[in-house]
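What TrEMBL annotates here:
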TRANSMEM  43-68  transmembrane segment
DOMAIN    61-313  domain 'G-protein coupled receptors family 1 profile'
TRANSMEM  80-98  transmembrane segment
TRANSMEM  118-140  transmembrane segment
TRANSMEM  152-174  transmembrane segment
TRANSMEM  216-236  transmembrane segment
TRANSMEM  257-280  transmembrane segment
TRANSMEM  292-312  transmembrane segment
Amino acid sequence: MAQVRALKEIMALLSANSTAAVNSSDTRMAGCLLIGIPGLEHLHIWLSIPFCTVYVAALAGNSILICVILSQPSLHEPMYIFLSMLASADVLLSTSTMPKALANFWLGSSHISFDGCLTQMFFIHFLFVADSAVLLAMAFDRYVAICSPLQYAIILTNTVIGKIIAATLIRSFIIMFPSIFLLKCLHYCQINIITHTFCEHMGIARLSCSDISINVWYGLAAALLSTGLDIILIAVSYIHILRAVFHLPSRDARSKALSTCSSHVCVILVFYIPALFSVFAYRFGERRIPRYVHILLANLYVVVPPMLNPIIYGMRTQQILEGAKQMFSNLAKKSR
C-alpha cells in the first residue's frame, strides 16, 4: 500500500508538470520512487526493528568513541586521530541511508526528488571512498610504527596527518563529483522507480533511456582507482609488517606487535569482505541470488561495520578502554 501511495504521488507530480514533460520528455522533475526491499514489502515494519537497533548502536558507539578520543590527551596520536576519522565517516555513511530507509519502512515515504537522490548517491559513495582511504592511512600508521618505530614521530607529524586528511577528502570528492554530471547528462523518459532503499550510481543510471556505457566504465574505473588500489596498498603494507614482526628477536615483542595490528585487521575485514561480496554477487550472481538478498546486504553493509568498529577497538585496545572509563568517571563527578 505504501508503494501504491508513493506511485500515485509521482503520477500526480508528472501530471502537475505535464507541460514541461511534454516539451522536454524528461521525467527528472517527478523525482524517484524508492520501493524498499522488493518482495519483502510485507515485512518492512519487522525489518525496520533490527535496522533501527543497529543504526542507533552505530551512532552511540561511534559518538562515544569520538568523544573519548577528543577528551583524552593521551589518545591524541596519529592512530587514534585516524580512528576518530573512521568513526566520523561511519556515522555520516549510516546517517546518509538509514533515516530515509526507516521512513520508507514506517511511513511509506518512498518519494525523493531527483536532486535529492543525486545528493544521497554522492554522499554514500564519497563516504565509502573516504572510509577506504582512512583504512589505508591506518595501515600506513601501523607500518611506520612497526617497521620504523624510531622514526615514527618524525614521519607522522601533525603536518603530515593534516595532509593525509586533506588528501583523503580531496580524492573522494574528485572521484565522485563527476558522477553527478554524468547522471545529469542522461535522458530520463519513464517513471523513475528504484528497487532499493537508497540511491546509488548505477541504480540511477539504469533509469535512463540513454546509453549508459560511460557510466558503467566510469563506475568501474572509480572503484578500481580508489577501493581497489587501497586494498592492494593495504595488503602490501601488511606483508611488510608481518615480515618485520617475524624478524623480531623476542616472542613477547612479536605478540605485542601483532596485538596492536589485530584490531585494525578486524576492521579491514569487516569493511571490505561484505562490500566485495555484495559487488561480486550483484555483478555475477544477479540471476542466481534474489534481488532482495542484494538489497538486504547493501543495507546491512552501511550499518553493521559502523556498529562493529567501536566494539572491536573498544574491546581490543586498552588505551581506549581506559580513556572511556576516565571520561565517564569525569562526567559522573561533574554531575554530582
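Each residue's number is its place along the chain shown, starting with 1.
Note that Cβ sites are derived from N, Cα and C of the backbone, with glycine treated the same way.
TrEMBL does not curate its annotations; it predicts them automatically.
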Are there three or more C-beta pairs under 8 angstroms joining the transmembrane segment (152-174) and the transmembrane segment (257-280), sequence spacing 6 or more?
no
How about long-range neighbours of the transmembrane segment (292-312): same chain, 6 or more residues beyond its ends, C-beta under 8 Å?
36-40, 51, 54-55, 57-58, 61-62, 64-65, 86-87, 90-91, 93-94, 96-98, 101, 124, 195-198, 200, 263, 266-267, 270-271, 274-275, 277-278, 281-282, 286
Please identify the stretch among 43-68, 80-98, 118-140, 152-174 with the greatest number of Cβ pairs below 8 Å relative to the transmembrane segment (216-236).
118-140
Note the mean pLDDT of the domain 'G-protein coupled receptors family 1 profile' (61-313), expressed as a whole number.
86
